[in-house]
Amino acid sequence: MALDGERGEQEEEKKKKKKKKKRKKKEEEGAEKSSSPFAATMGEDDAALRASGRGLSDPWADSVGVRPRTTERHIAVHKRLVLAFAVSIVALLAVTMLAVLLSLRFDECGASAAMPGTDGGLGGFPERDSNSSFPGSARRNHHAGGESSQRESGEVGTPGTPSAQPPSEEEREQWQPWTQLRLSGHLKPLHYNLMLTAFMENFTFSGEVNVEIACRNATRYVVLHASRVAVEKVQVAEDRAFGAVPVAGFFLYPQTQVLVVVLNRTLDAQRHYNLKIIYNALIENELLGFFRSSYVIHGERRFLGVTQFSPTHARKAFPCFDEPIYKATFKISIKHQATYLSLSNMPVETSVFEEDGWVTDHFSQTPLMSTYYLAWAICNFTYRETTTKSGVVVRLYARPDAIRRGSGDYALHITKRLIEFYEDYFKVPYSLPKLDLLAVPKHPYAAMENWGLSIFVEQRILLDPSVSSISYLLDVTMVIVHEICHQWFGDLVTPVWWEDVWLKEGFAHYFEFVGTDYLYPAWNMEKQRFLTDVLHEVMLLDGLASSHPVSQEVLRATDIDRVFDWIAYKKGAALIRMLANFMGHSVFQRGLQDYLTIHKYGNAARNDLWNTLSEALRRNGKYVNIQEVMDQWTLQMGYPVITILGNTTAENRILITQQHFIYDIGAKTKALQLQNSSYLWQIPLTIVVGNRSHVSSEAIIWVSNKSEHHRIAYLDRGSWILGNINQTGYFRVNYDLRNWRLLIDQLIRNHEVLSVSNRAALIDDAFSLARAGYLPQNIPLEIIRYLSEEKDFLPWHAASRALYPLDKLLDRMENYNIFNEYILKQVATTYIKLGWPRNNFNGSLVQASYQHEELRREVIMLACSFGNKHCHQQASTLISDWISSNRNRIPLNVRDIVYCTGVSLLDEDVWEFIWMKFHSTTAVSEKKILLEALTCSDDRNLLSRLLNLSLNSEVVLDQDAIDVIIHVARNPHGRDLAWKFFRDKWKILNTRYGEALFMNSKLISGVTEFLNTEGELKELKNFMKSYDGVASASFSRAVETVEANVRWKRFYQDELFQWLGKAMRH
C-alpha cells in the first residue's frame, strides 16, 4: 500500500509538471498577442463588452464546451482567415502612417463636425437644461467611428502607438489644454471689439467679438471661455501680410466652460493674431451673465437687460479670456430698439440711428480691465446727474417713478463726496470720465462694482426719506461706500487670482466704515460699529473647525464661487484693521497709496501688498516683516484665544498663552486638518492695567509662542488686566476667574472707566468663551447686569447680538421663561428711561442723535422680543391705529419692530393687512420690512402659505425669497416648517441659487443654524448624504454648527438654568 501510494504521488507530480508547461506556453502565446496594439484593443473591447453585459459573464463562459475543429477543410479556412487578417493589419498600418504624415488627429476630425456648413453645424440657442449638450459642443462624427465617444467624454485620441503609461499632467495639458481649470497662458488678449444686438421682445441677442491676441508660446489650439452661447462662425487671422489661419474646427467643452478652436497650423510665438467669433445666446431669466429683469409702471410691465459677470459669468455673454489676470481694453457697441437706452463702462461716443427704429450706441474704449467687471445694460430708465470737483460725471439711473420721487438723490449726493474722499485718501484720481449707478429690481447681490457702471439692487440704493429709517439709511450708505471703494481696490488694481479675493473685498468692507466716518464723523463707525457688525459676526463663523484660511487655494472651478464668503469679506476687513492699527494709520495710508500707484491698471497678489507696506514702515524707521506676520493670519484658518493669568509671582509677572479657538472642541478632534497641528500666530497684544479709578497707558506685547511670561508694571492684588484694547486685534481674550470678577465689579461700580469699545468687547468675548466651554455659563450673564446703567449704543448692540443665538437655543425649552425673565429684568430700567420715539422726523433722517436713536431702537427690540407687556401693548396700539385710520403714524426707526410684533400678537386680519400693504407700496425700503414682518406670525398655516408664495417670482423677488425662508426658520413657531420646506424644495432652490456665489450658503446657514436637537441633527446628516457633493462646504459648516448646538445643550444648559434659578430668587 505504501509503494502504490508513492507511485501515485509521482504520477500526480508528472501531471502537475505537464499542466505547468502547458500553462507557461499559453502565457507566452498570450504575451505575444498582447504585444500587438490591435490585440490589446480587442482585449479591452472584450472586457468592455463583458462589463456592459453584452459579453458572456464568467459563469456562463465556464459552462460553454469547446468543440475541436481539426479537419483539413477547417485548417485551410483558418489559413485564409489568417492571411486576410494579416492583409488588414498591413492596410491599417498604412492608413495610420498616412494619418501621421498629414497630422490628422481624431479630435480634429470630431471638431470639424462642428463647423458651419458641415455635418453637425451649429444653429439655434443654447439649452437651459444643464444636463443637455450645448449647441456647438463636441458632436459625434459618424465617419470617425469610435473616436467620437472619446471626444464626448473628454478623452481625445492621438496618433501613434498607444503608450503603456498614462500621460503625465504636463503632457495632458499640452494636448488637451481645454481640460485644465486655468487657461494655459499661451495666448493673451490685448483688445476686444464687441458688437451686440439685443432683441428684447424675445429675450435673445446676437454678438460678434473680435479679439486681438498675442501668442506667447506656439500652439495649435485657441482656448478661451464660453458657456451657453451658440457659436456660428470662427475665424483666425494674422496681420495683413499673412492673412487667414485655416481653422480645422471648433467645439465647446462644457466641463471647463471653454471654446476650443483647432487650427490647421501652429500659431507662432511673439506674433499677434485676430480671433473673430459670431454667436448668439439668450437674455436669461436667471441672475447671472446677461439676464433680464422687469418692473411695473402704470399697470404696464417693462423689461430691462443687465449683466452680472463676477466671478466667472462673462463667458455666458461673450467668448472671452474670463480670468482676472487677462486684462485687455474693450470697445463695445450695442444695437437696440430706440425706445431703450444702453449703458456700459464708458460713455457713449456716437449713436447711429436707423430708419427702422433701431439705434447703435458705440462706447469709448476702456482702459486695461478684467472681464468680470465689464458691464452693460439695456433699459428705459431716467436719471439724475451731478459732477465732482475733478470733473467726473456721476449719474443715477432708476425707474422713472423713483427718479421723480427723488429716491436716488441721497445716493447721488454721497457718491460725489465719496469719489472726492477716495481721490484724496489714495492720492490716485478716479480713472474714468464717468460713474453710473444703476438701480435694478432684481439682482443676485446687494451691488456689483463694475468699473464706471455699478449696479445695485433697488433696496440698497433707493431711499425715500418719508418711509426710511436711520438703520435703512445706514445700510444704503455702507453699500455705496463699499462699491465706490472697489473702483480702486478691484477695478484699478485687481487680484491675480481668486485665492486672494479678500484683497478687494476685505479692503472694500473695511472702507465701508472709514468712508462712512468721513460722511458722518459723529457716528464713529470704524471704532465702534465695526466690532459688532464685522468682527463679532465673522468670529462666529471662523470659530468653526470647518472654516478655511482667508487666502485659500482654488483648484477646481467650483472652488471659485466658494471663496466669496464672509471669511474673505469680513475676516479680510478685520485683518486689514488690525494691520492699520499696529502699523499706525498714517503709515498704513501711505503704504496703500504706493500699492495703488505701483499696480494701477494691473494685477497684484498678497505679497505685493506686504512688500509695499513693509517698505512704508521701513521709510518710517520701523523694521517689521509684514509678510512673516500676516502669512500666519491669512494662510491659517481660524484665530487664537489669548489667556492671561495675572500676577502669578511676586514680581508682577503674568503668563500669556495662545491656542486655536474652536466653538465645538469635539469638532476639533474630528477635523483632519487640525489633527497633529500646532497653530501659532504672531499676535500684537495691547494691554492695560487698571483699578476702580485709574487705567494705565497702553502697552503692546508681541506674542509668538504657545506660552510666555511678561513683567507688567502697576500690577497689584486689587488691579485688573485688560487685553486687546478696543478689540483692534483679531483674537479673543480670556482671563482667570479672579480677573473676570474684578472686571465685572468695575463695570457695575463705574463702567465708564472702560471705553465703549472695551465694554462691547468684554460682552462678546464672555458669551463666546462660555459658549465654547472656556468659561462658566454665568460669567456673561453676570456681565450684562451692569447694562441698566449703560447709556451707549455699542455695548447694548453687542449684548443683543450675543443673546440672540442663546435665545434661539433655549426658546423651545420648558423652562425658557426663567431665561426670558432674566433678560427682561436687565432691559426694563433702560426701556422705561428711553421710552418710545415720537414721529417728528420732518423729513430728515440724519440727526445728531444717531447713537441715541439707535440705542432706543435696540432696547425696544429687546423688550418686545422678550415679551415686555408695555412694549407689546404699544406695538398693538400703533398697528390698530394704522388699520383704523389708514394713516401710518408709526415712527420710522421702529416700524419693523412694530410690524413684526403686531403680526405676532394680533389675528389673521392684521397679517392680511400687512400682505396687502406689501403689494401696494412702491417704496423699496417699506416693501422689505413689510415682507419680513409677515414671517413673525404665530399661525403655522400663514407661515406655510408664505413659504409657498416665496417661490413665485411674480410675488416675491428671487433675492427676497431666501430672506423669507430664513426669517421663518428664526421664528420658533416656524423653524420646523422652514426646515421641511427647505428639504422638500431643495432641488428648486439649488437650481435657482446654486451658481450665485454665497446665496446658497446663506440659505443653508440661515435655515439650519438654530436646529439643536439630536433628531434635527440626524435629519441634517441624512439630507446631506442624499445630496452628496452639492454645496458640501456649506453643509459641513451647518452640520458642525448643529453638532455644537446639541453639545452645548447636553453639557451646559442645566448649568445655565441652575444659575438663573438662583439669580432670580435673589
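Keep in mind that glycine also has a Cβ here, set from the backbone N, Cα and C atoms.
Worth saying up front: this structure is predicted, and the values here are computed from it rather than measured.
Quick look at what Swiss-Prot lists:
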type     : residues                               : note
ACT_SITE : Glu483                                 : active site, proton acceptor
BINDING  : Ala446, Ala447, Met448, Glu449, Asn450 : substrate binding site
BINDING  : His482, His486, Glu505                 : Zn(2+) binding site
MOD_RES  : Thr71                                  : phosphothreonine
REGION   : 1-43                                   : region 'Disordered'
REGION   : 118-176                                : region 'Disordered'
SITE     : Tyr569                                 : site 'Transition state stabilizer'
TOPO_DOM : 1-81                                   : topological domain 'Cytoplasmic'
TOPO_DOM : 103-1066                               : topological domain 'Extracellular'
TRANSMEM : 82-102                                 : transmembrane segment
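Feature annotations (Swiss-Prot) mapped to structure.
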residue : record                 : contacts (Cβ under 8 Å, 6+ apart)
Ala446  : substrate binding site : Phe456, Val457, Gln459, Arg460, Val479
Ala447  : substrate binding site : Ser454, Ile455, Phe456, Val457, Arg460, Ile461, Val479, Ile480, His482, Glu483
Met448  : substrate binding site : Gln308, Ser310, Tyr373, Ala375, Ser454, Ile455, Glu483
Glu449  : substrate binding site : Tyr373, His482, Glu483, His486, Gln487, Gly490, Asp491, Ala508
Asn450  : substrate binding site : Thr307, Phe309, Asn345, Tyr373, Leu374, Ala375, Asp491
Glu505  : Zn(2+) binding site    : Gly490, Phe564, Ala568, Tyr569, Gly572
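Listed binding-site residues: His482, His486. The one with the lowest count of other Cβ atoms within 10 Å of its Cβ is His486. Each of Tyr445, Ser454, Ile455, Phe456, Glu483, His486 belongs to the same chain as Ala446, Ala447, Met448, Glu449, Asn450, is absent from that list, and has a C-beta within 8 angstroms of the C-beta centroid marking the substrate site. Averaged across the topological domain 'Extracellular' (103-1066), the predicted model reaches a pLDDT of 90. When secondary structure is read from DSSP and collapsed to three states, Asn450 (substrate binding site) falls in the coil class.
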